Amino acid sequence: MLFVRQRKMEKSNLGNQDTIRANRSAWLLSGLFGVLSASFIVWGYQLEKNDSINISDQNSLLVLVLMILVFTIDTKHIWDNYTQSFHGRKFMGTFRLEKIFGQKWEEPGKHDFLISWIILIALNLPVLLGVYPGFFVYDAQDELMEVITRSFSTHHPLVHVLLLGGTIALVHKFTGSWNLGIATYVFIQMLVITAVFAYVISFMRKRFIGKRGRILWILYYGVFPPIVMFTLCSCKDGLFSAFLILLTVLLIELTENPQSFISDKRKIGLFICVAALVPCFRHNGFYAYLVFIPFALFYFRKQLKTAIVPMLLIPVILYVIISAALSAALGCEGTHHQEKLTVPIMQMARVYTYDKESLSQDELSTLCDYIPDTNLDLYTPRVADLVKVAFNNEKYEQDSKSFWKLWFSLLKKHPMTYLNGWMLTSYGYWYPAADINVYKGTTVFTFTYDHSSYFGYEVEQPGERHSLIPAIDRIYRYISIGTFHDDYPVAALLLSPGLMLLIYLFTFMYRISQKNYKRVVPFIPIALTFLTVLLGPTYLPRYVLYLWTGFPLLMSTGSVSDLIKNNRCVNI
């Protein structure tokens, strides 16, 4: 009896220690979320109003500290209530989660995918008619001209250039209509993207959601403006985000049951194809996937002798082969280093603009060797395009050492200028209330940006808008470049990349505090891709579309039913 009591006491002590450690971990992670979210809001506000961060502003520091405390305590309180709700308690003392998630689960019908796909197409078609021939914008003309002139570069992903330009040119050749060519490409792209969304919904239907959830997410994918905009936009971001989300689905399946996944040759083949396609539509997808591989190898370290290792590595080899083959076959021009050097270029341009007198003659001469002074004079805080467009790639290839020597030299003298130079091109991704109007005053083919630059909206030449449902056209123009964000600032938050980032951070940190790594690993490629855009030329929703398209997966993999199913809590 004494031995049994001792064993019970030992187990009780171990349980208490585990609880203490888990509680400490939760406080640390809620504290980290508090620091990040408060910093995003306070510093984002300063950048929005003053074009700079002022760390010596005592009022801002006081607000920052208070917000950190409030956010930390509130986050921990919400997490605790959510965890306790698994055991039948009311969430926040108001309602029971089991009543929301307690619907009867039924096996999806064999036509679920097809039905979802048809509904999504039906929801998108009126918008396509309203903005006919679709949104032909964001380097669309450049990509088309590469195909027409047979003059290619690696600046834009060649797979997308060939698909877009080839489709439009082919249809124009037979019909003589550029608009019909654009509409054909946009329609084909819509079919692909909505098929991916339908697959995602069917996947969630089998594991996480019921009929109500299915209806909710069909409406979300088919009606939510940022998603519809890019489903019907010729730019590469729609397809890139679709394939990235498809990769996330496959990673969820892989983490759920590695042995079952790697024993299915079709799943392995699909994973390899999707992982290879992702970087074919955005170069930063390649770098994100490369960094993801070590995370995946560590997580699956017990299965390294299986097919997981080659499955993870083959997409890299395939992408390199595809890129090299296309570049050689199309006789592409050299690389554009300025795309990778956006942040240092903008940092030195900011020093040139605001502290030019601090530069020695040698420093000024070296800087102008890489970036002409005519372009440095065009510096605008939130967009790098006008400065970097004339970057001397040939000089950089011959002597990159001098470039970086100058960069380090100016960093020592102007650290805050460097910080502000970087933050001003990226804060729109993490400050929820950011005014996304980076192109204000810029004239494009059919209008001049004034109130908002949220979405490009227009049809670049040689296309021309012929709306068949003008009311829909007016709605999307209003949201894209109109005064919607000023007229309805609270509603506009729902379209904010910064708000989506906070939701992802809040969710990830909770799951890490619960050691639910199985529901974090599949989203690492999305997180890494997001980190790459922080080094980009400006902040636009197009670059982080995957935050919205991945949102249903993020929510459904954290539902009560999913957590119970995967043994993250006891049955309610």
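In case you wondered, yes, glycine gets a Cβ from its N, Cα and C as well.
TrEMBL does not curate its annotations; it predicts them automatically.
Residues annotated as transmembrane segment in TrEMBL: 26-47 (among others). Here the transmembrane segment (26-47) has Cβ contacts under 8 Å with residues 53-54, 57, 60, 63-64, 67-73, 75-76, 79-80, 420, 423-424, 427, 430-434, 498, 501-502, 505-506, 509-510, 512-513 of the same chain, all six or more residues outside its ends.
Nonlocal intrachain contacts for the transmembrane segment (59-79), taken as residues 6+ away from its ends with a CB within less than 8 angstroms of a stretch CB, comprise 26-27, 30-31, 33-35, 37-39, 41-42, 46, 92, 506, 510, 513. For 59-79 (among others), the entry in TrEMBL reads transmembrane segment.
Positions annotated as transmembrane segment by TrEMBL: 114-138 (among others). The list of residues near the transmembrane segment (114-138) in space but at least 6 beyond its ends in sequence, with Cβ under 8 angstroms from a Cβ of it, reads 179-180, 182-183, 185-187, 190-191, 194-195, 197-198, 201-202, 214, 218-219, 221-223, 228-229, 231-235, 237, 455-460, 463, 465-473, 475-476, 542.
Proximity of distant same-chain residues to the transmembrane segment (182-203), defined by a Cβ-Cβ separation under 8 Å and at least 6 residues beyond the stretch ends, is recorded for 108, 112-114, 116-117, 120-121, 124, 128, 132-136, 163-164, 167-168, 171, 214, 217-218, 221-222, 231-234, 238-239, 242-243, 245-246, 249, 252-253, 459, 463, 549, 552-553. Summarising the annotation, TrEMBL assigns transmembrane segment to 182-203 (among others).
Long-range neighbours of the transmembrane segment (215-232) within the same chain, counting only residues 6 or more positions beyond its ends whose Cβ lies under 8 Å from a Cβ of the stretch, are 116, 119-120, 122-124, 127-128, 131, 134-135, 186, 189-190, 193-194, 197, 200-201, 204, 209, 238, 241, 455, 476, 479-480, 495, 541-542, 545, 548-549, 551-552, 556. Feature annotation from TrEMBL assigns transmembrane segment to 215-232 (among others).
According to TrEMBL, the transmembrane segment annotation covers 238-256 (among others).
The transmembrane segment feature in TrEMBL is assigned to 268-301 (among others).
Positions annotated as transmembrane segment by TrEMBL: 307-330 (among others).
For 488-508 (among others), the entry in TrEMBL reads transmembrane segment.
Taken from TrEMBL, the feature transmembrane segment covers 520-539 (among others). Nonlocal intrachain contacts for the transmembrane segment (520-539), taken as residues 6+ away from its ends with a CB within less than 8 angstroms of a stretch CB, comprise 244, 247-249, 251-252, 254-255, 278, 282, 284-285, 287-289, 291-292, 295-296, 299, 340, 342-343, 382-385, 388, 425-429, 434, 436, 438, 497, 501, 504, 508, 511-512, 546-547, 550, 553-554, 557.
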Practice item. Residue list, the transmembrane segment (238-256) vs rest of chain: Cβ under 8 Å, 6 or more residues beyond ends. Key: 160, 189, 192-193, 196-197, 199-200, 203, 230-231, 262, 267, 270-271, 274-275, 277-278, 281-282, 285, 299, 308, 518-519, 521-523, 525-526, 529, 545-546, 549-550, 553, 557, 566
